[in-house]
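> In case it helps, TrEMBL gives these features for our protein:
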{"type": "TRANSMEM", "residues": "A:15-36", "note": "transmembrane segment"}
{"type": "TRANSMEM", "residues": "A:48-71", "note": "transmembrane segment"}
{"type": "TRANSMEM", "residues": "A:91-108", "note": "transmembrane segment"}
{"type": "TRANSMEM", "residues": "A:114-138", "note": "transmembrane segment"}
{"type": "TRANSMEM", "residues": "A:150-175", "note": "transmembrane segment"}
{"type": "TRANSMEM", "residues": "A:187-207", "note": "transmembrane segment"}
{"type": "TRANSMEM", "residues": "A:219-242", "note": "transmembrane segment"}
{"type": "TRANSMEM", "residues": "A:248-272", "note": "transmembrane segment"}
{"type": "TRANSMEM", "residues": "A:284-305", "note": "transmembrane segment"}
{"type": "TRANSMEM", "residues": "A:317-337", "note": "transmembrane segment"}
{"type": "TRANSMEM", "residues": "A:374-393", "note": "transmembrane segment"}
Amino acid sequence: MQPGLSFEQAPPISVPFRFFLTAPLFGMAAGLLLLWQGPAALASRWTSVALALTHLLAVGFMLQAMCGALLQMLPVAAGANIWQPKRVTHLTHAGLTFGTLMLVGGFLGEQALLFKVAVPFMTVSLGAFALIVLVALFRTPARGPTIIALRIAVFGLIVTISLGATLASAFGWQLALPLTEITHVHAAWGLGGWSLLLVAGVAYLVVPMFQLTPPYPLWLTRAYSVALFFLLAGWSITWLPLQRPQGLQAALACAAALLPVTFAAVTLRLQGQRRRKVTEPTLLFWRVAMACLIVAACGVILQQLSPGEEDYAGTPFLLGVLLMVGVFMPVISGMLYKIMPFLNWLHLQKIGKPGLVVPNIRQMIPESRMLMQFRLHMAALALLLAAVPLPLLVYPGGLALIASCVWLEWNLVVATRNFARFSRELEERLAAEAAA
Amino acid sequence: MSGITSALHNHHKLCDEDFADAEDAARKGDWAACGAAYGKFRDELLAHFGVEEDVVFPAFESRTGMAGGPTQVMRGEHVQMRDLLQQMDAALAQKDADGFGGAAETLLLMMQQHNMKEENILYPMIDQAMGQDGELASRIAAGLGA
């Protein structure tokens, strides 16, 4: 079997861009929700507001951007071709966007009907997406740690979707299910099994590539994704028996949390050894993200070692902010600032011809604007973390989160508009040359 | 990595240092250092393209009959990277730090994803198709100046 040998399968530029341009809108919505609810948003992780907030960031922002990036990356980085990329994109983007709105609406309004609508939309669109990507990842002739990490990550996404659909069905159809237990497992697979492994698989490729660092050590890339998968799977099984083996469960959770600590520490060390001396926004975003990952994973370990502490409502909020605002949003922003300019350039190349100078990637989004968004995002992170002891800070924190997402959106719009402008200019130059 | 392409694979990493030095020197406005490092980088890169286009790809194409496939895509990307080198040449001549840095970063991303496709997909295919061809291996080594 020799599938997908034409590497030219990069999808049209509108495929990933629609995901990227949608993601920050959900981030803004999360900020608005924080402003609206104020300190009440921090009261407990089980309130409908907290659940809405979590899903605005985890599904609306993170998953949205991750799906777009994965659809774009697979053909280029993994030689894995997506079946019917255009149709899959339309279906995934529409289903995900509409499904997120219904889900968040369901939480906020406590409306069973909205859950009943969200379940089929999200399950069909995301489930189809995950299966198609998984098939592509198994058919690719490419090998290596990234492919293995991505396969396990997508499997993790399928587990997350299945459990999420189960939970939402329980809300929609009033099913009697052990909701707390399922929620713990759902969140662990979503953040650990899917998001963290996706970041790792991508990092193995892009950390050495963007900064010219040494490659990730083989012991890490060989062990990390497989070990995380088995520890998560083992930990998930400990939730099944009525008599929960609490010692074993905590031990497995601690072992699983040590893996991201190692991954983040190695990444920071590699970046410290980089040969490129240029400090750019993407590098700053990644370094903050890795530092937050270490703190968050250590937080999980501390929480496991001191049972009872999880009753303190501040801990989940702290961990949620660290992971979503501190780790994943920065990694995604940093990646978008590389992916969108590069895609612009790549697609402009197709209009031009050899010898015709196409604007380079630094001309797509001004670096000063990216740095401004980085600062706004750091302010949001610091204020939201500080809001745990000082709840009134949730207001400036929410405002800073909105500002960061507005700035991000605007930067991405600038990139999109520059693509249109440069395309037009290139075509005019070609026409002028042809006429001369 | 014992196949015929291992020399090409290793050569990919060789130019990184010179690239980083050239980029840093341009940023600092040290155009003499930039010119020296960039010159070395450019020569290595062009030698690499040359070996692939003149030696490795034709041998693979005639062995497998796959002339319009991945090797064609790789040749197209070489053209794009040569264009970027020309932009860097021009920026270097005009001592234009922004132009040099922008073209350099574009080339870096282009080069890295190009290498990734070669290392993950094309080189393994070539190794499989060509087996242990001693004559081809020595022509590769000669072309890379190894």
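Placement of Cβ uses the backbone N, Cα and C atoms for every residue, glycine included.
Source: prediction; values computed, not measured.
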> Where, among A:48-71, A:114-138, A:187-207, A:317-337, A:374-393, do we find the most CB pairs under 8 A to the transmembrane segment (A:150-175)?
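Highest pair count goes to A:114-138.
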> Check for me, if you would, whether the transmembrane segment (A:317-337) reaches the transmembrane segment (A:48-71) - at least 3 Cβ pairs under 8 Å, residues 6 or more apart in sequence.
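Contact confirmed: at least 3 Cβ pairs fall under 8 Å.
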> For the transmembrane segment (A:284-305), could you work out the same-chain residues 6 or more beyond its ends whose Cβ comes under 8 Å from its Cβ atoms?
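Here the qualifying positions are 196, 207, 250, 253-254, 257-258, 260-261, 263-265, 267-268, 271, 315, 318-319, 322-323, 326-328, 330-331, 333-334, 337, 371, 374, 377-378, 381.
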> Out of A:187-207, A:248-272, A:374-393, which stretch touches the transmembrane segment (A:219-242) the most, going by CB pairs under 8 Å?
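Answer, by Cβ pair count: A:248-272.
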> Do the transmembrane segment (A:48-71) and the transmembrane segment (A:374-393) come together with 3 or more C-beta pairs under 8 Å, pairs six or more apart in sequence?
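Counting Cβ pairs under 8 Å (6 or more apart in sequence), the transmembrane segment (A:48-71) does not reach the transmembrane segment (A:374-393), since there are fewer than 3.
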